[in-house]
Structure formats: structure tokens, C-alpha cells
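Trainee: After the C-alpha cells below, expect a handful of questions from me.
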Amino acid sequence: MFIKYLKKVVDGDYLTSSEAYEVINLMLDTEVAESQVAALFAALRLRKESGEELFGFARALLDRAIKHEGMEGLLDTCGTGGDGCGTFNVSTAAAIVCAACGVPVAKHGNRAVTSQAGSADVLEALGVRVDLSLDEARMLLEEIGLAFLFAPGFHPVMKHFGPMRRSLGIATAFNFLGPLINPFCPTYQLMGVADEDMIQPVAEALARLGRKQALVVHAENGMDEIAHVGVTQMAKVEGESIVPGRIIRGGAVNEYQDQGVRGGDAVHNARIVREVLAGKPGPAREMVLVNAGAALMVAEKVRDLDSGIRMAAEAIDSGRAQEKLRQLVRYSQESRVGRC
């Protein structure tokens, strides 16, 4: 059965969402040669995955996840990574700022794959315990409006795809699936993609997954974030409607701006996040503000991007964002004590 789908993809045809769903189940429930699996996902990447395919894959993985539905109004700011730009963890800092603005944030993420520091790595460096159970994550969302969802803890089946992904050594559909399979099924999502061609397919998948509002973004310099200067391509999801557009921020991209958002290892990036939350001016702050501002707009907290940026700046300058990080550290560590 799997070979039928492999031939279809190799011939240049698209899988339906039902066929994509079955592909995942065949990989998990039957003996499929790793070479065939690698061939299928390499062929998909060569011609670019469709929204239907991403939706089918995501639905299959969510059906096997440890998930929690029913918490309304949650926001996620998880991106694909893999843009090669070496920025610090912008979406992680933006998530903390959004939570400080009163939007409940279920931040889905993992350790580094292509970068030096994934969201889990930098949060650990900040003192946060990342390996929360479902009940612990739900408790943090109820108590402080912010929780980190460590992907391997909620998607145990993903370990089966590790050998194939490592042997291929290239980006595959799984790079786009991570942000699509948040186990708390958020209402709102800001998602950056490293491939401009995938803005529309990812937006289609988010719409099919039931996001009330979402924004899929890709900056002209290749970042899977909204650029604080220059042009960012985007697609806005509102229910079943998808509207393409651009976000244009004033100023010219220059070496100072690039250096100001350049990241490093987890300790280095944690220091940048702390400095931003403490109110230090500069390009890193501007990056966090524009991404947090957009997320606040997506979450219907404000009407437009500029209002979101002002709200995010006030959360930082008032000290509320710093306090939200302190709460996340304290409550995540205390939940460990509660388990013992």
C-alpha cells in the first residue's frame, strides 16, 4: 500500500489529506522500508508539500498525541526554524511578552535541530523546567497563562521518524509539521516558515486544523520571523479565509541590524532574552516587539500591528514581562516538587 503512495508522489501527483493521513499510519503500523519512506519525503520536498498533505500528516500525528482540547483563546508562536539566519529565539521571547499582556500562551517547541539553541534549550538556560506533563502544563496555563509544551513529551511517535530524518540530512515535511501539531490545539497562531513557497500551504493547513486566526510569515532576508526592518511576506488566516499580504517596517537592513539579532548557544540566547525583557534598547528588542505585536493582533488583543507593538513595549517597560518569566521559572520548578 505504501508503494502506491510513493509512486503517486514520484510521478508528481498530490496526495489527498486522507492519503497523507494513511501514509503516516502505514509508517507507524506496518513494516515500511526506510529507503521508501526517505524517497517519499524527499520527493515531497522537491516539489513542495501541499496544504492538504500537511493537514493529513498533522491530523494523523495529532490523533496519536497526548493532547488536551477545550482551552479556548490559546496562542502559539512556534516557527519552523531552519532558516540559516542564526537569530536568537525571537518567538520564545515574544511568547513571554504576549503572556504578560494577558494572552494565554501554549508555546510548543523542541531542542535545537539545525540551530545552536531551540526554544527548549534557551528556556532551560533561563531556569525553566521544560519537561512538563499534560496536567502540569494545564496547571501553568490556568495559574500564570503561560506554559511550554516540550514536543517529544506530547508526541512519542515522532521518535520513529528520527532515523529517516537524520539519514536524509535535509528539511522535510516534518520541519513544517512541528508547529502544526501543538497538542493543546491553540485558537491563534503566529508561525514563521523558512521557505517562502510554503506560506500558502501552511496557511491552508492551519485553516483546516481549525485556527480561528493565524499569521504565517517569512522575511525577505530568509528569517522565519517578522523582520523589524524591511519586508515580510505573510498570509493571514481568518477561519476558512486566507489573505496574502506584506508587512513593511521602516528602515534599511544593514550589518548593525543583522548583528543585533544574531544568536549563539543557549546561554548566549538566554542572555539576549533577559536583556530584552529588562528593557535594553536595540535591534533585538525591536524584533521581539514586532513579532509580539503581530501575535497580539492575531490573538484579537489589539486591532492593528502598531497597537500591538505599543502594548508589547509597555509590558516590557513596566516590568510585567520580566515578572512573567520569573513566574514561569518558579511555577515550572514547583510543579516538579508537587509530583514527588
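Glycine is no exception: its Cβ is also placed from the backbone N, Cα and C atoms.
Annotation comment: TrEMBL describes Gly79, 82-83, Thr87, 89-92, 107-115, Ser119 as 5-phospho-alpha-D-ribose 1-diphosphate binding site. Residues or ranges marked as anthranilate 1 binding site by TrEMBL: Gly79, Asn110. Taken from TrEMBL, the feature Mg(2+) 1 binding site applies to Ser91, Glu225. The anthranilate 2 binding site annotation in TrEMBL covers Arg165. Marked as Mg(2+) 2 binding site by TrEMBL: Asp224, Glu225. Taken from TrEMBL, the feature domain 'Glycosyl transferase family 3 N-terminal' applies to 4-65. Taken from TrEMBL, the feature domain 'Glycosyl transferase family 3' covers 74-321.
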Trainee: Just checking: which of Gly79, Asn110, Arg111, Arg165 have a Cα that is within 10 Å of the Cα of Asp224 (Mg(2+) 2 binding site), counting only these binding-site residues?
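Mentor: Hits: Gly79.
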Trainee: Please give me the CB contact count at 10 A for Asp224 (Mg(2+) 2 binding site), counting all chains in the structure.
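Mentor: Counting Cβ neighbours of Asp224 (Mg(2+) 2 binding site) within 10 Å gives 26.
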Trainee: Return only the integer: C-alpha distance in Å from Thr87 (5-phospho-alpha-D-ribose 1-diphosphate binding site) to Arg165 (anthranilate 2 binding site).
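Mentor: If we compare the Cα positions of Thr87 (5-phospho-alpha-D-ribose 1-diphosphate binding site) and Arg165 (anthranilate 2 binding site), the gap is 23 Å.
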Trainee: Could you count the residues of the domain 'Glycosyl transferase family 3 N-terminal' (4-65) that DSSP puts in helix, in strand and in coil?
Mentor: 47 helix, 0 strand, 15 coil
Trainee: For Gly79 (5-phospho-alpha-D-ribose 1-diphosphate binding site), what residues in its own chain, 6 or more apart in sequence, show a Cβ-Cβ distance under 8 Å?
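Mentor: Correct list: Ser91, Pro179, Met191, Gly192, Val193, Ala194, Asp224, Glu225.
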Trainee: As a test of the contact definition, list every same-chain residue at least 6 positions from His108 (5-phospho-alpha-D-ribose 1-diphosphate binding site) whose Cβ is closer than 8 Å to its Cβ.
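Mentor: Expected: Asp76, Cys78, Leu149, Ala151, Gly178, Pro179, Ile181, Asn182, Pro183, Phe184.
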Trainee: Cα-Cα separation of the residue listed as 'anthranilate 2 binding site' and Arg111 (5-phospho-alpha-D-ribose 1-diphosphate binding site), in Å?
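Mentor: Roughly 15 Å, rounded to the nearest whole number.
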Trainee: Quick one: mean pLDDT on the domain 'Glycosyl transferase family 3 N-terminal' (4-65)?
Mentor: 96
Trainee: Looking only at DSSP and grouping its letters into three states, which state does Asn110 (anthranilate 1 binding site) belong to?
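Mentor: In the DSSP reduction, Asn110 (anthranilate 1 binding site) maps to coil.
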Trainee: Judged by the number of other CB atoms within 10 angstroms, which among Thr87, Ser91, Asn110 is the least packed of the binding-site residues?
Mentor: Asn110
